[in-house]
Amino acid sequence: MLFPTEFDVIVVGGGHAGTEAALASARMGAKTLLLTHNIETLGQMSCNPSIGGIGKGHLVKEVDALGGAMAAATDESGIQFRILNSSKGPAVRATRAQADRILYKAAIRHRLENQPNLWLFQQAVDDLMVEGDRVVGAVTQIGIRFRARAVVLTAGTFLDGKIHVGLNNYTGGRAGDPAAVSLSSRLKELKLPQGRLKTGTPPRIDGRTIDFSKLDEQPGDLDPIPVFSFLGRAEQHPQQLPCWVTHTNERTHDIIRGGLDRSPMYTGVIEGVGPRYCPSIEDKIHRFASKESHQIFLEPEGLTTNEFYPNGISTSLPFDVQLELVHSMRGLENAHILRPGYAIEYDYFDPRALKASLETKAINGLFFAGQINGTTGYEEAAAQGLLAGLNAGRYVQEKEAWCPRRDQAYLGVLVDDLVTRGVAEPYRMFTSRAEYRLSLREDNADMRLTEIGRELGLVDDARWDAFSRKRDAVSRETERLKSTWVTPKTLPAEEATALLGKAIDHEYSLAELLRRPGVSYDGVCGLKGGECGPAEPLTDDPVLLEQIKEQVEIGIKYQGYIERQASEIERNDANENTRLPDGIDYREVRGLSFEVSQKLNEFRPETIGQASRISGVTPAAISLLMVHLKRRGLGRRNGTAAEAAEQGGGTVPTQQ
């Protein structure tokens, strides 16, 4: 049957990508339907019970700055919070939280059920409705046809998923859920380039059978307790719990080696490539054969369960081997396994077949987000979901798509890497992937993106008001520090020596003093009995006050580095956003090698910047391409997506 209501956007899948996509589309005013095979698993944390980490936390902050749900849901469900790399520079500091799975799902579902313009429906999707070169809807497993002008696919590991435990395997999207076999077959009929990837998860352990007296305790940060959302408060956090640490040993490694003859990875049963930066324990033992021990973190799954997640022993070994290797570790000698670990193989589609908007190049109105694009991780999925949902909404509103640049957001780095370089293994985000990471910090994600999000229709009034107060206070206080001066006469020598190590010998602005190593904002403001502080409180909100002080201090201390990076960005931007015509035949570009013209014709980059990052496309080839465009009068700079792009975002043409 044809469902009587027609929608603007349909989102298929209710994981981290799908929920952010649906919320973003609905926030923009698009009439949105979220189709999921099971409403009870909306926002499910399928693998580890944690959010954030190096690079990943940056993405979560960016999703939050654009009005997304992941950070706020983590603040409401997080049972341990830590700042990683806290002793290092601000560019690589990252927030990580352990989450209560049940509370996290509840927080996400609450937002979905209370979001205007968003409808939920429980049915697996088996088919897409395609007319000519555009998608027009989706068909469920019982034949209900839903019509829409755009569809966002966020199928996770469900596309033709196959679960492996030892040499036993069966179809499934994850343990306990069916695979999307029919939908996978339909996508293959559309001739979209695809491949197989693999990921895995460890066995879960009953905490009542763990001997914690033998383990090392790892508490969260308590002074101060971190928050994830820019609007978050520590008071929102539920009860906090520690994690625990144990280690593998030589006996563990011998047990694993003895089971490799029954490992689906090492017997050729699994063909998909696994994640390099989250390897299985059997892969670790093989790749790092000289290492005598590996650290294993025992992470609580929640406040109302005894289940623990042993982070570091993802495995697809036979269950008897899993049982033996778990029992070989200190503190786990009598541990009871609640769920076996397993590997899962699934289909993904080559992201080079996508525009930077995450719309497929072959089928108008069809967007992909999450693991279907070859990424791994909740955070990478959520960021893509928000972008795909935003652009699906803009597509039906006949507006140009938007995507941040590499110098503007980790989301921009993620998407650019995917659509220009593709993936040979599951892609995860690291700070090392960003050329401009000094400017792309967790702490300034809102300063980089919230104004753009407001223009795009993603940011509500409450977030905008809080951001505006913060932005204005940072600007005022920075200018005050730059324009307030102290001299040897006005600053007592003993105060100067206590703060700076010696008395000053000429006039300095407070900003110049703050720029010195080891000098803090509070230290500068405390000079002259506090007279160097602001005349009026910056804010009466203690959390916002800390954010303002952090922004002011980092902005002043790193001003020179940030300005140099901005100059580099400006130089590189000269050709980065020069658009390439849709119909250009690269075989006609004089001087291009056959290999280069073939790659450019295959991947159809949208800009000179994207073309330059395709493997094998040399700087000389880019120069030839620029000459060709100039001669033909074809090249043009990107336009803008409303006023949002004028704030710095790149745009992608949307075909209607």
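Backbone N, Cα and C define each Cβ position, glycine as well.
DSSP assigns ALA17 (FAD binding site) to a helical segment in the three-state reduction. The feature FAD binding site is assigned by Swiss-Prot to GLY13, GLY14, GLY15, HIS16, ALA17, GLY18, with sequence analysis given as support.
Under DSSP, LYS284 (NAD(+) binding site) is assigned to a helix (H, G or I) in the three-state scheme. In the shown protein chains, 19 other C-beta atoms lie within 10 A of the C-beta of LYS284 (NAD(+) binding site). Positions annotated as NAD(+) binding site by Swiss-Prot, on the basis of sequence analysis: 274-288.
Look at Swiss-Prot and you will find 647-656 tagged as compositional bias 'Gly residues'.
According to Swiss-Prot, the region 'Disordered' annotation covers 637-656.
Between the C-alpha atoms of GLY274 (NAD(+) binding site) and ALA17 (FAD binding site), the distance comes to 20 Å.
Cα spacing between GLY15 (FAD binding site) and ARG276 (NAD(+) binding site): 23 Å, rounded to the nearest whole number. Within 10 Å of its Cβ, the residue among the binding-site residues ALA17, CYS278 with the fewest other Cβ atoms is CYS278. Following the DSSP three-state reduction, the secondary structure of CYS278 (NAD(+) binding site) is coil. Cα distances from GLY13 (FAD binding site) to the binding-site residues CYS278, SER280, LYS284 are smallest for CYS278. Sorting the binding-site residues GLY13, GLY274 by the number of other Cβ atoms within 10 Å puts GLY13 first.
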